[in-house]
Amino acid sequence: MTELLTAAQMRAVEHSAIESGAVTGLELMERAGQGVVDAIFAQWPEFVGSADVERGPAPAPPRYLRPEEGRTRRAVVLCGPGNNGGDGFVVARLLREAGWAVEVFLYGDAEALPPDARVNYERWAEVGAVQRLCFPKPSEDDEEKVSHLLRGATTDVTLCVDALFGTGLTRPLFGLKDFFDACYLAYAANLGDDGPYVVAVDLPSGLCADSGRIIGDDLGLAVGAHLTVTFAFAKHGHVLSSGGVSAARLVTVPLGIDRSLPYRVLHHKRNENGTLYIDHSTTVKMAERQWFEAGYVSDLPWTSKDPREASHKYSHGHALILSGGVGKGGAARMAARGALRIGAGAVTVGCPPSALIENAAQLNAVMLRRVPGADALSEVLTDKRINALCLGPGLGTGAREADLVRAALTAGRGLVLDADALTLLSQDADLFALLHNKCVLTPHGGEFARLFPGIAEKLDAPALTGPAYSKVDAARAAAQQAGCTVLFKGPDTVIADPSGRCSVNAAVYDRSAPWLATAGAGDVLAGFITGLMARGFAPMHAAEVGAWLHVECARAFGPGLIAEDLPEALPGVLRDLEK
Ligand SMILES: NC(=O)C1=CN([C@@H]2O[C@H](COP(=O)(O)OP(=O)(O)OC[C@H]3O[C@@H](n4cnc5c(N)ncnc54)[C@H](O)[C@@H]3O)[C@@H](O)[C@H]2O)[C@@H](O)CC1
Ligand SMILES: [K+]
């Protein structure tokens with residue numbers, strides 16, 4: 001699990017590190033610039049050894065500083081008016097020391113640069129020129145000059161470093177549209193050897209660090225970088241919304257800030273009276289492999305070596321998945337298989353009598369019950385061993401199904417509500433009011449908008465200023481409104497509970513699995529979560545682990561995946577985790 005920060009949290013971490021006397025702002029900026037240069041050379045080893053034709057190598061340089069081949073590579077560094085620009089001046093200086101020919105542009109007023117950025121501007125100015133771009137509105141000439149440098153075939157620039165704006169962007173960028181278009185084209189076309197690589201310092205400029213949305217997204221700006229290098233912690237905006245597709249790769253370089261320090265800063269805040277209080281709601285986590293390595297393995301059901309725990313199938317819970325009528329049972333059957341594979345001791349599909357034969361023909365390890373309506377469901381639920389339910393996949397949206405959802409909600413058990421059940425909830429305020437803290441809602445964007453129209457409207461409104469309203473904000477508000485866990489799907493799946501706890505299961509960068517967008521994948525996810533709840537996982541934890549494993553299964557299978565493959569990929573994923 002990786003901690004994701006907001007821009008304000010990152011500033012607090014930085015201030016606290018500086019105030020503690022452990023490091024100066026200038027040192028942090030130097031480390032940031034050095035981190036960017038290191039990441040560039042790690043990403044493109046072929047850049048290693050560019051010759052410094054004018055100056056010769058520095059004394060005892062690292063490997064990439066040594067001259068090779070006698071070639072000079074060319075870089076363009078675009079520096080903005082704040083500390084992101086300051087990082088850019090450091091990168092420019094270090095690239096020059098590594099033998100690169102570097103052109104530096106300043107979009108801002110040198111006299112108004114913040115102190116550390118100003119120092120690095122001056123350090124650069126001692127060795128190189130700075131070309132000014134009209135600020136705040138670049139001239140047409142400026143736009144043409146900058147974007148020309150990026151047009152692959154017509155330039156010998158190898159690298160474009162975007163140090164215009166980072167976490168401080170709060171207003172739309174009205175100028176430099178041509179530049180952004182050129183950056184995006186270079187990125188999208190992956191021009192490689194024919195054109196410049198774009199490296200974003202901290203964030204691709206234009207992106208809101210908190211929401212991952214492009215500030216002023218109605219301006220038609222698109223941002224893109226081959227590599228983003230961020231500092232100390234990834235930010236929400238790196239994985240949410242456009243942020244997750246704004247760069248091919250994200251590298252986080254440590255700044256040497258003690259990890260214990262940020263945690264104290266993160267969780268302790270002062271209110272207006274200056275009183276210190278603990279703010280748990282500031283923790284946002286991104287699920288990834290380290291999550292399990294960091295201790296969650298002991299929570300997973302499959303790792304138990306205790307023979308008493310494995311003694312009886314019902315000690316591993318019993319999940320009930322309700323299916324729709326004849327010809328509509330596929331979704332529930334896939335959810336049931338997911339629940340069984342993920343470790344529920346027993347799984348039963350409940351269906352209308354007319355669908356019994358169809359289901360019986362297709363189910364083996366999964367059991368089958370007649371559930372004609374709500375009364376029958378209440379009768380089935382007198383069996384207290386049934387501890388988790390799933391309603392929605394292929395269920396239908398008629399009066400019978402609304403009654404089933406009501407009966408399931410009043411039973412007070414672990415309950416995953418997906419697909420048709422979400423439609424029913426959005427149509428009936430009384431039903432919505434029955435939601436309780438053992439429920440998990442799993443809406444995609446359309447379902448979310450029907451369930452939470454006011455919240456969706458805020459999320460869909462153009463992001464005109466930063467920090468913009470984010471999917472994290474939306475999921476948290478929805479969880480509070482519903483009084484239960486909400487898993488808001490997407491490549492940036494956000495999971496929140498009413499306490500404000502929030503996780504992002506980001507299937508982006510090297511964890512992306514676009515083939516997961518396939519019919520029925522959501523049904524399997526609902527089944528995974530239900531199975532985990534049957535095993536005794538709390539709703540939030542079940543949603544987090546289920547979503548994480550869902551993506552891992554898709555990644556393990558690869559392209560060509562169909563929903564049925566997901567439960568079958570699970571044993572391999574679990575085996576790998578145990579290794
Ligand atoms: N927080 C940290 O620990 C560190 C931060 N560093 C760098 O500092 C950056 C943040 O620096 P700043 O806070 O100075 O912010 P930026 O450099 O991102 O932005 C500079 C300033 O531009 C102004 N601005 C915002 N939107 C604008 C617009 N549309 N047009 C014109 N001006 C606009 C704002 O007043 C903002 O403060 C980070 O992204 C990172 O690159 C690094 O130097 C190392 C350490
Ligand atoms: K940037």
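Just so it is clear, glycine is given a Cβ too, placed from its N, Cα and C backbone atoms.
With Lys489, Gly490, Pro491, Asp492, Thr493 listed by TrEMBL as binding AMP, the candidate from Gly454, Gly520, Gly522, Gly527 annotated for that site turns out to be Gly522.
According to TrEMBL, the residue from Asn83, Asn84 that belongs to the K(+) site alongside Asp162, Ser205 is Asn84.
With respect to their backbone Cα atoms, Gly490 (AMP binding site) and Asp202 ((6S)-NADPHX binding site) stand 24 Å from each other.
If you compare every pair of Cα atoms in Lys489, Gly490, Pro491, Asp492, Thr493, Gly522, the residues listed for AMP, the longest distance is 14 angstrom. Each of the binding-site residues Gly86, Gly490, Pro491 was scored by the number of other CB atoms within 10 Å of its CB, and the largest score is that of Gly86. Note: the AMP site is recorded as Lys489, Gly490, Pro491, Asp492, Thr493, Gly522; in the same chain, His444, Phe488, Val494, Asn505, Ala507 also have Cβ atoms within 8 Å of that site's Cβ centroid. Using a 10 Å radius centred on the Cβ of Lys489 (AMP binding site) and all shown protein chains, the other Cβ atoms total 22.
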